[in-house]
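Participant: Below are the features listed in TrEMBL for this protein:
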type	residues	note
ACT_SITE	Cys641	active site, phosphocysteine intermediate
BINDING	Asn578, Ile579, Cys641, Ser642, Asp643, Gly644, Trp645, Asp646, Arg647	substrate binding site
DOMAIN	427-802	domain 'Myotubularin phosphatase'
DOMAIN	617-657	domain 'Tyrosine specific protein phosphatases'
Amino acid sequence: MKKSNEPKNNLIQRLLNSTLKFTKINDDAHQQSPDNGKFNYELPDSFIQAVDNARTKAGYDILPHLHHQSTSPSLSSSSSAHDTYKYLQTVTEIFRSASNNDVARMATKKVPFRRTPRERVQQQQHHHTTAPVLLSPRATFRMMMPRNFMMFNRCRQPFHFTPMNMRQQPRPMFQMRFRHDNISLNPVSKLVHSKPTSHGAGPTNLGVKDDGTTMSSSSEYVASPYQNASSAIAVLDVLPLTFGIVRGQIPETNYLKTMSIPELQPTICSTKDLSLQIDFLPGEDEVKCREDLTYHRRKRKVTYDGELIVTKYRLLFVRKSPDSIEVLVNVPIGMISQIEKIGGQKFSQINDGAAYGIEIDCKDVRRLFFGIAKEQKYRRTVYDQLTRLIFPFSIVKPDITNPSHFFSSFFAWNYKQRVSPSKIDKGWTLYDKVQDYTRMGIRRHGDAHWTINTEINQDYSLCDTYPDVLVLPANFDTSRFQQVAAFRSRNRLPVLSWYCGDTYVTITRASQPLTGLNRKSQDDVEYLQEIANTNVNQGSKLYILDARPKVNAIANKANGGGYEDYAECELEFHNIQNIHVMRESLNKLHSAIRYGSEDDKNWFNDSANSNWLFHIRTILTSVSQIVSLVNNEKRSVLVHCSDGWDRTAQLTSLSMLVLDPYYRTLEGFIILIEKEWISFGHKFLLRIGHADKHYSEQSPVFLQFLDCTYQLLQQFEFAFEFNEKFLLVIADHLYTCQYGTFLLNSEKLRTDMKISEYTMSVWTPLLQERHSYLNPLYNANSSQVLQINSTLNQIKLWKNYYCQHMPDYQSTVVSALR
């Protein structure tokens, strides 16, 4: 393709031309005005200084030193617009004429700022985002350069600016609108004393209030050539601010590294100023967002005008009328899964095509729509504000090496500081690993079959997703454990979960073996044989339950995974689907519940098509088979899936719940969750999606465990000390982020992050209100093994959980929780 011979304008020329357009237009308007006063816009001194600084930083002359022209009338605010325009024309001529500066030479060669192939690669690999950009409700400064334009400093290191197109229509370079009543600014006339171009990290002067005081905003941050070490001039284009002006100074860079995005968000007011009949929690005293919107309920049949309010803990919608104030929406922000802009190309499912606003999906079925008038043009601002408050980890990757930075993104940290700042609550010390294994009948020393090993994984060096206390075969050479672990995915070697002291039957758990296409480990084979030998029924093969569908296990062989094709073991696949299938199934169930009713025949079809109850049945069928093997056939069972922290945890914990009456007590159920889920490394942070809108790793694995427990509670109500309300509270706190129990992925992370010092355990308040969660039908003398009926007609939808927020749903259990 033939290149154009027409020379390209350089950066400064485009910058000045844009200013000239604006100045000329205002000059023409000024001459037509009957009031022939002075023109009140000036080219700031900071602009001239920026040009000099950019020239110096770039290592070549972008522009002749303009400070020699400082006596020009254009720099005086008292000069006329015509004089300013005439002078800037002269300045522009400097660039059009031949000179010895680099920019002119480059323009002559028709290759201004050309990138070399190496620099193109560097551009693709280098993605730099400064912290101040994250503070802005939206992009508040724009580089006036074409898309993908790049400049270099003296080291020729590429630096990305926010790509923005040039303004095509003449308009003021600096525009500002405020919604607060105490601020009244004309876009041009009252910016005389402001400095829209800034050259240092610090607050930007935005103008003058009616009372004569200066306005500064920490949410409006100006990029600086000094800070970014680039040869660029940042021009501030202040966009409409809808959340008010921040009082105080901008945080320093080192402060940004230790604070989360929500903590840096401006505080609008205190919750005490809202005058709402809500019991705000300790630590929930700051309002981060406050907007006038319209709430649409149930296919736009009813709409309410009111105010959207976001605190550190919850999202509220308050309907205000002359007679009363009513809270229509009250959602913990941790319960929110997605936020979408609706209108234009994207239509809401609960509103017609004319809807325009913000749609919020919740993890507990609720879907909320808030309408915004198109002419107000601040939907994007509301969306960005909510995204920063609710999904900070979608903006900045969580720093799991800095506890104060990580936990400050969650309300659990604020709550702990107010309730128990220096005291570690009892919930964190409730689970004693050695004591629980001893209760099963395993002695710490001298047992013939199993040993409680507190040293091999003391520093989590053997497996960083396992607990520091492991129960391992006593007669297996300790030096070989490392080889066994290396042959398992994530080093999750087979370890004991449950033990019967009478029959020596065991349930062990692991991850898939790394057999690949043709690998085998003799250490792994002999280790599994040693587990089988611990069973008193000599000669019985170890039963290996692979929770995956067989086709998935075969596919994993291509990625280095696989399954045990050992003659010494009996292997069976149980067709429990992966996390992605389960997530889609729950989404379909949510849709069926949102848009249907039990009186509608289609509602039953849509619920059935979600396959949610089918998946619950599949899990319970596998549990029933494990229980039968252990209790009736006295065979030891090894359970694993791919990595051993999702489906494996479901099967082992539910089997223990059915086999062992201790785990059916209230304290025992807490111990079961702490043991099989929390200490053995279920990835709560990723599976629940705390503070992150990306859902590729999210899945309702633990919710399925609670749902299966509910099914058992319905079939054997006399066998459980706790009631359904206990399960509902745990399910709610799974998402609220009020406590730290379900925030992290492994015991090692909880230890390294000192979670007990920064957050409270959810078990502390639950045990304090123990009487509220007791089952009056519980028979403490019942110690039998439960015989599960997993036929599909016995699996019921957990309505008190999935339907609790539907407007037409009534339940005494749900009412007691509200």
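Using N, Cα and C of the backbone, Cβ positions are placed for all residues, glycine too.
For each feature listed, report its degree of burial, its nearest neighbours and the pertinent distances within the displayed model.
Facilitator: Non-local neighbourhood of Cys641 (active site, phosphocysteine intermediate): Ser511, Gln512, Asp546, Ala547, Arg548, Ile576, Arg647, Thr648, each in the same chain, at least six residues away, with C-beta under 8 Å from its C-beta.
With a threshold of 8 Å between CB atoms, the same-chain residues lying at least 6 positions outside the domain 'Tyrosine specific protein phosphatases' (617-657) that come near it are 465, 489-490, 492, 494, 497-498, 500, 503, 505-512, 528, 531-532, 534-537, 540-548, 552, 556, 561, 569, 574-579, 663-664, 669, 672-673, 676-677, 680-683, 687, 699, 701, 704-705, 708-709, 711-712, 785-786, 788, 790-792, 795.
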Participant: Cβ distance under 8 Å to Trp645 (substrate binding site), same chain, sequence separation 6 or more: which residues?
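Facilitator: Thr465, Arg492, Ser511, Phe680, Gly681, His682, Lys683 - these are the non-local Cβ neighbours of Trp645 (substrate binding site), listed in sequence order.
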Participant: By DSSP assignment, list the helix, strand and coil residue numbers for the domain 'Tyrosine specific protein phosphatases' (617-657), in that order.
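Facilitator: Its residues divide into 26 helix, 4 strand, 11 coil.
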Participant: Quick one: of Asn578, Asp643, Arg647, which of the binding-site residues has the smallest count of other CB atoms within 10 A?
Facilitator: Asn578
Participant: Averaged across the domain 'Myotubularin phosphatase' (427-802), what pLDDT does the model get? Just tell me the whole number, please.
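Facilitator: Residues in the domain 'Myotubularin phosphatase' (427-802) carry a mean pLDDT of 93 in this prediction.
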Participant: Would you list the other residues of this chain near substrate - those whose C-beta lies within 8 angstroms of the C-beta centroid of Asn578, Ile579, Cys641, Ser642, Asp643, Gly644, Trp645, Asp646, Arg647 - in sequence order?
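Facilitator: Neighbours within 8 Å of the Cβ centroid, excluding Asn578, Ile579, Cys641, Ser642, Asp643, Gly644, Trp645, Asp646, Arg647: Ser511, Ala547, Thr648, Val701.
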